[in-house]
Structure formats: C-alpha cells, structure tokens
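Just below is one structure, and these are the notes that go with it.
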Amino acid sequence: MEEIEEGSSNNSIRRVGTGSSDRRWVDGSEVDSETPLFSEIRDRDYSFGNLRRRLMKKPKRADSLDVEAMEIAGSHGHNLKDLSLLTTLGIAFQTLGVVYGDMGTSPLYVFSDVFSKVPIRSEVDVLGALSLVIYTIAVIPLAKYVFVVLKANDNGEGGTFALYSLICRYAKVNKLPNQQPADEQISSFRLKLPTPELERALGIKEALETKGYLKTLLLLLVLMGTSMIIGDGILTPAMSVMSAMSGLQGEVKGFGTNALVMSSIVILVALFSIQRFGTGKVGFLFAPVLALWFFSLGAIGIYNLLKYDFTVIRALNPFYIVLFFNKNSKQAWSALGGCVLCITGAEAMFADLGHFSVRSIQMAFTCVVFPCLLLAYMGQAAYLTKHPEASARIFYDSVPKSLFWPVFVIATLAAMIASQAMISATFSCVKQAMALGCFPRLKIIHTSKKRIGQIYIPVINWFLMIMCILVVSIFRSTTHIANAYGIAEVGVMMVSTVLVTLVMLLIWQTNIFLALCFPLIFGSVETIYLLAVLTKILEGGWVPLVFATFFLTVMYIWNYGSVLKYQSEVRERISMDFMRELGSTLGTIRIPGIGLLYNELVQGIPSIFGQFLLTLPAIHSTIIFVCIKYVPVPVVPQEERFLFRRVCPKDYHMFRCIARYGYKDVRKEDSRVFEQLLIESLEKFLRCEALEDALESTLNDFDPDRVSVASDTYTDDLMAPLIHRAKRSEPEQELDSEVLPSSSVGSSMEEDPALEYELAALREATDSGLTYLLAHGDVRAKKNSIFVKKLVINYFYAFLRRNCRAGAANLTVPHMNILQAGMTYMV
C-alpha cells in the first residue's frame, strides 16, 4: 500500500474555504474543441517519472462472466406473494427449522421454572399455570405477530431495523442528514405517502421530522431493541443447551451440577467453533429435525392426556387464571416470569421474515407449532396432576421410559438448532446496524455462495461464546438463567409494539381507535410481564440489562460520533467559487488516470480533496467522488445501484458517483467488477447528458404544450440510475416519436464533438489506471466543547474507531492502488 500520511491541520482545511450548498454543481460550461486530448499533452516535454507510476495503477480487465455473476437471483425483492399452495407448504416446512426452534424448545423449562416459584398444592395451581401458558401463546405469538406485526414488513423484511427503515422512508427521522430526493426513485423505495386528507399522519410526520428529541428517542428505542436481541443471542444458547442436558441428571448416576455445567460448556464451544464454516452443509437438516421434535411434543402430549388426566383441557377457561392469582397472590405474580418463557423466540417470527413469506410463517405456526405446543403443555399438566413432585424435571419425567434416549437426542439437536438460529439472527442484526451507521465496522465473512443471507462475524461470534460460557459458569442453573431470559424477551416485544403502533398511525393510517387498541391490549399484557420479570433483577435479571446497556452505549456513541463527523464534513466543503478560481487544471498538473475519491458526502466537494491538492504534486485527469451510501430499503436492484452527477464545468472532468446499497445488501463484489460497472455507468451518464442537451436545443422549435410532456419524460429518465436502464413503456416511446423526430436527435448525437471528446478522454484515463484516494481521518472535539462531549468523542468514539475495521478493508478496494491523506475533523 502506498500512503501519504499528512497530519492535516485546521488551517490547511480552511485554505480551501467553505461554500454554499446552493451551488453544488456548475453545468453548462462548453468544452473547448481546441483543447487537446491528454494523449497529445503526454507527447510534450513533461517528465512525470515516479509520480505517474504512483498515481496510475493498471487495472486488470474484468471478465464479463464476473459481471453477470453479480446479478443475484431474487436480490430485487421478495417474489413470494403469488406462490402456489404446494410451494408455500414447502417454505412453511423450512420455517420450522429457522423460525420456531427457540419457541419449540420452551417446553423443556417453562413448567419447571413456574413451579419453582409456586409449589403445587392443588389442581388449581396446575390448571391456572396451564391457562396462563395457553393464553400467553394465543395473545402474543398468535394474535399479535401472526395477524398484525407480520403485515408491518419492509418489502418482505422484518425486524426492528426493518420497522425503523420503513419509518425513515415516510419521515426524515434518520439523524444522518444524507437523504436525497433521488433515493425515492429506487423501485423498492417508492411507497404511497401519507395522504393530505389525513392530518393526523401528516402531523406525526412533521413532529418526527422537526423535533430532534423525538428522533433521538426513536433511535434509542430501536437501539434498545437491537441490544436486547444481541442479549438473546447470549442467553438462548445457554438456556437451551443447559435445559436439554439437564435430562441426564435424573437418568445417569453421578451426573450432578458440575457435570451439567461442563457438558453444556463443551457443547457451546463446539457450537460457536463451527460457525465459521456456515450452516449451508447441515442447514437442510434443521427443518426435518424440528418437525420431528414438534410432532414428538404433540404425540407425547396426547399420550399423557389419555393416560393421566384428559380433563386438564378445562384450562381453556381463563377463569382458572383468576383462581390461580387469588390462591397464590405474590407467588403467582412471581410465576409470571416463568410463564413468559413459553413465548421465547416469538420475535423471530418477524425478524426472520426476510428469508420466507408472511403466509408460510402464518401457516407453520397455526397448523403445526401452536397445536403441538398446546398438546405438549397440556400433557405435562396432566402428568403433574398425578405426579406433582416431578415439577423440577417435568419434561423428561413425562416422557415414556422407553422413549427417553431418542427424545433426549432430538431435544439436544433441537436446542442446538434453536441456538444456531439465534446466533445467525444476531449476526444479521449487527450487519443491519452497521449498514445504518449504528455499529462499528467489523469483518463480515459470507459463508455461502448461494444464499447471500448467511454471514459470519468473528468478533461477535467469539464474544457471544465467552459470554455464554460465563453465564453458564456463574448461574449453574436454568432457573436463574430464566430470570434473565424473560427480561430480554419482553423488552424486544415492547419495542416492536411501539414501532408497529407508529407504523399504524403514520403509514397505514389506521383508524385512531383501532390503532390505539393495539398498544392498549398487547402493550398492557407485555407491561404486566415486564413488571413481573423485573422483580427478578437481583436473581439474574440484571444480566440482560447489563448487556443491553453496554451495546446501547456502543451503538449510540458510534452513531453520535458518525453524525458529528458528517456534519463537520458538510461545514468544511470546498466552495464552487474557489474551484472556479483554480480553473480546470485545479492549480496543479492533471495527468492521465482516474482518481476515485471515497467520501461520505452526497453533495458538494469534500475538504479532503483540498488536502490531496495541497499534498500531491499532480492530480488525475478524471476525478470521481464516490459515496457508498446505505438507503432505508432492504435491497437496491443492481440496475439502480449507481447515481451520477457532474461536479464543476465539463472541462474539469469531475463527477460524483453515489453507490447505493440497502441494509440487507451484500457488498462482496470484486473491485474490478465494481470499477467496470462504475465506468460503464459513467459512459451512459455522459451519453444521456448529451442527449438531454440535444433535446433542449431541438425542443425550442416545437410547441411548448407538446414539448413539456416529452421533456418531463426525458427528465425522469435522466434522474434514474444508469446501469442496465429499463426500457420505457411503449406509449411513452410513441409520444416521444410524435414530438421529437428521432433523425434529428440521432444526427445531433452522432455529430456532437463534445461527447466524443469526453468519451475519448474517459477511455484514455481508464486505460491509464484507477487509483483510490482515501482519507485517514481523526475526529476530535473542539476545545470549547463540554466535558462530556470531549470524553465521548476523544476517548470512547476514538477507541471504537481505532479498533474497528479500517476504511480500506471495509470498502473492499485493492490495497496496491490506494493513496491516503491524513485529516483531523473538529466536531
């Protein structure tokens, strides 16, 4: 890597001045036809020597097959709405292995935890606890998620960040001010805006956009939900594996607590150690194993109902809940913390929506998961009416003796699959947070060439493993882990309730009565459960709160520092007046080649460009300001990836390229492919720009009423991204042919010397090579900042920047073609 490490002072930055955002681009400066090409300049007596070798790197030609390989099938969105019934059934079967593993393993420990707090003294205790479990599953997973929350998806994507991005599209609540009107041209972005007739929706939108504290509260809410999901990634493996292994305590002599802890740790280490290989090779086994597990639960439940006490179906009467609380009072309130464990993993129904479809998840839950879980809990309750002393290990005691070992093996596999699903969900959640600028940059490894969603984040993986081992080693009991588990689960559910309510009011424009019923009903139930689990803070409930606080702090500091850094870059932009004073030579020598200057600005010229002009003795003939931008949509179609604009007059040969990605997009294209696509799209932009100029000159001879229609058509076309442009509709083409004779436009295009000059200059610069110009920046708080801001920026944010992935590695650019300049941002 070749670097120019120059410590940039504020003075050197100010020398290039600041400019008004109203003059971002200057168009209309005609190219002087007498100006020679760079090849002609090269023949003169200029000796560039080592300088040219440093600034120019010859790129390898990209194979066209590589370009076609980037067109990933299905990356344009979810085409799962009109699937046949048979296909939907197949997808529903697959959801069993990914979505419902966590909820499916809950019968291992729910009643054990409930009756550790409420001793069984009579039949009312068993029926009351069973009734609580039944209606908890019916209200939260069935009524809330299946019938309401799943519909609040973002183009088929679910989860906390999907809801946040959906809200960001309807109201400008993103704290990073890099939104552009052109983003709304993305096919997956375009949605129906709140209608003017509904003043309520517009009022909420205006309040969210104008009041900074509401933006901050919304961001904190989303980050809290994300932190709780990461906490689930720690607690789910520990809880599931320990619960499955606890079956050996009563079956194998000498298998005590120490053996349980050690065996659980061994399985956890093995589970996290194989993450780097991905789940593609064994993923096909997940659904069959979980299907076998669910049908085993249902079969064992039916067996126990028929053998012990079929009358426990009386628990379908909710009056037994009232009797349960009247009889046990405070102990019953404490038992709610164990009851909530029956819906662990309910959030996965929404978070994993992107891999399946709404209909398939609904079908799997209503037809398989829900009835099998009810039968399992009813069967355990029937067994407890005859054997109340077996509450400590009710699941394995209720299994027929002859089936113990087969069920134990299936339970262990189901626990590992449930843990795997939560670990994968944590990886995906962290990746989405990184894409939206809320998490430090980390190395992401894609473990599958066929499925773009399978990723592996080494730092997060080993962190989760260490935390799981600590949780198992410290608590040594599923009862104490359950106290922590409940807080994390309820916290995530309450966040989704608030966000879905906001979606109802802002986007769906639901009737105000129905919209308020949602938080009143489900929010009240979740609040009751939250108050119940919070009473267990001293008994293990503090663990998820510590994890959530830690990750919330990290994510908010990173977002806060990133926003301040972006605002500093906006303030220090180079003015257009200064660029005009420099002239087309930019006050230095322009040599053949293309300089790709990476920056975060979507408007204006970044101050780091002035630093390169001061530092380098020459600059490339073509400069492209490249901005990698994540927009609040799941995926951006490949043909809509690049957006080009011209910067400065034409003879400057400077452009802005915004490469747009969704928060679910995978940036793993080869640098050569990226370069080829970028150059191709730039050529198309130049041709479209010349076409627009030709149209403007031709339209002057036509009727204004007819011209305005055609002008709008072409203007919309030019505003769209320029790779593999979709063909316009036939009516539009017919209209254009009526208004504008194709012969006149075509002849003017062919005879345009300015276009031929620019294309020749671009091809010559491409042949000379591409160089990546990067900023190696440091962020510091201003001297007059308050103490807290200095502490956060100069120490915490600086620590995160030093230890996160470097910009060059994160941008996936070739290291041999890099020039870096140092710079300090004062915020």
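Please read every residue number as a count from 1 along the shown chain.
Note that Cβ sites are derived from N, Cα and C of the backbone, with glycine treated the same way.
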**Prompt:** Are LYS205 and LYS401, as given in Swiss-Prot, on the same side of the membrane?
**Reply:** no
**Prompt:** Who are the chain neighbours of the transmembrane segment (481-501) in space, where the CB to CB distance is under 8 Å and they lie at least 6 residues beyond its ends?
**Reply:** 109, 113, 140, 144, 148-149, 152, 160, 163-164, 167, 221-222, 224-225, 228-229, 231-232, 235-236, 238-239, 242, 337-338, 340-341, 343-344, 346-347, 350, 471-472, 475, 515, 518-519, 522-523, 526-527, 529-530, 532-534, 536-537, 539-545, 547-548
**Among 130-150, 217-237, 254-274, stretch most in contact with the transmembrane segment (364-384) (C-beta, under 8 angstroms)** = 130-150
**Fill in**
Residues outside the topological domain 'Extracellular' (523-536) whose C-beta sits under 8 Å from one of its C-beta atoms, at least 6 past its ends, are 136, 139-140, 333-334, 336-337, 339-340, 483, 486-487, 490-491, 493-494, 497-498, 501
**Item:** Candidates 130-150, 336-356, 502-522, 537-557; stretch with most C-beta pairs under 8 Å toward the transmembrane segment (217-237)
**Value:** 537-557
**Request:** Return yes if the transmembrane segment (455-475) and the transmembrane segment (336-356) have at least 3 CB pairs under 8 Å (sequence gap of 6 or more), otherwise no.
**Result:** no
**Message:** Using Cβ distances below 8 Å and needing 3 or more such pairs, separated by at least 6 in sequence, tell me whether the transmembrane segment (282-302) contacts the transmembrane segment (502-522).
**Reply:** no
**Request:** Look over the recorded stretches 130-150, 254-274, 336-356, 403-423, 537-557 and say which has the most C-beta pairs under 8 A to the transmembrane segment (502-522).
**Result:** 130-150
**Request:** Counting only CB pairs under 8 A, let me know which of 130-150, 254-274, 403-423, 537-557 has the most with the transmembrane segment (336-356).
**Result:** 130-150
**Fill in**
Top stretch by Cβ pairs under 8 Å to the transmembrane segment (83-103) (candidates 130-150, 254-274, 403-423, 537-557) is 403-423
